[in-house]
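Per Swiss-Prot, these features apply:
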type	residues	note
TOPO_DOM	1-24	topological domain 'Cytoplasmic'
TOPO_DOM	46-56	topological domain 'Lumenal'
TOPO_DOM	75-98	topological domain 'Cytoplasmic'
TOPO_DOM	120-126	topological domain 'Lumenal'
TOPO_DOM	148-176	topological domain 'Cytoplasmic'
TOPO_DOM	221-273	topological domain 'Cytoplasmic'
TRANSMEM	25-45	transmembrane segment
TRANSMEM	57-74	transmembrane segment
TRANSMEM	99-119	transmembrane segment
TRANSMEM	127-147	transmembrane segment
TRANSMEM	177-197	transmembrane segment
TRANSMEM	200-220	transmembrane segment
Amino acid sequence: MTVPRNRPMAPFGTIIKSRIKQPQFYWFIGHFLTIFNFIQFHLSITSKQNQLSCYRRSLFYISVTYAIVLYQFFKSDQLKFNFTLLRQEMKKLDNLQYFAMLFILFLLSQFNIIISGSLYSPVIFSIFHFLNYFKENLLPFLPLIPLNLKNLLNSKITVFIQNYNGFFLQMAQVFEIICGLRVGLFLVPFNFFLLLVRRANVSFEVVGTMLAGLTYVWFFKLRYLQSESMRQIFKQYVLRLDAYVSRTLPPYCSRLWNGYKNFVMTVFWKIPV
């Protein structure tokens, strides 16, 4: 919305004082800190410890944003924390699905466990939530910024959201599919193999990675069952993978791949949700 020219504006300090009384403001701050730490995560490629710290903080802040949304649902009686109904709620509430997955990964990250790619889709959502809140609730009241610049920023943000929201939502699903395939086809089976081989001397890193991987696969199944568009995109990626294997590898490799893929899918459908 364009910033009005003649309507008197409350001082920015007054606006902030009113905003900090609202849960949505902390939701906004959580999205900002998520984006900031996600950027720091990618800038810290030379330090594994710094990356781990940024990963933990990103998971924490984005979990807080989902917790705030769930709290709002709870206050308005849209969500009841009844353990007998939790399974049904988990199947239909995407906010609950994301919170559960992210919070479990946050807990496991305290033991140096990272699931690469798990942050991409939540961060995409954070970018759009951050921009929309900033445009509607803070930009009109910012001091020392000319009105024409505020209107320009408002217009640019509005156009970006309108033109790219659908595209980036689809990209978020693509990232979840890529992460789900990588974790389900390789990470979980590999760590399960290590678990069997090193039963007497298995490290917590293997167990933790296994738990984190299963958490993401469980989350992915919930998203897969709930979203028709994700099912369609998933089928396209599996078909591309099948075509690549049959086109570039010997026939026996294609048979092995199909057998392995069918085995993984059988296990996938047995995962309880």
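Cβ coordinates come from backbone N, Cα and C, glycine included.
Fair warning: this is a prediction, and the values are worked out from it, not measured in the lab.
Contact between the transmembrane segment (200-220) and the transmembrane segment (99-119) holds: at least three of their C-beta pairs are under 8 Å, each pair 6 or more apart in sequence. When pLDDT is averaged over the topological domain 'Lumenal' (46-56), the result is 94. Of the two recorded stretches, the transmembrane segment (177-197) does not lie close to the transmembrane segment (25-45), with fewer than three CB pairs under 8 Å once pairs fewer than 6 apart in sequence are set aside. Where the transmembrane segment (57-74) meets the stretches 25-45, 99-119, 127-147, the count of C-beta pairs under 8 angstroms peaks at 25-45.
Note on the topological domain 'Cytoplasmic' (75-98): residues 66, 69, 122, 219, 222-223, 225-226, 273 of its chain, located 6 or more positions outside it, place their CB under 8 angstroms from a CB of the stretch.
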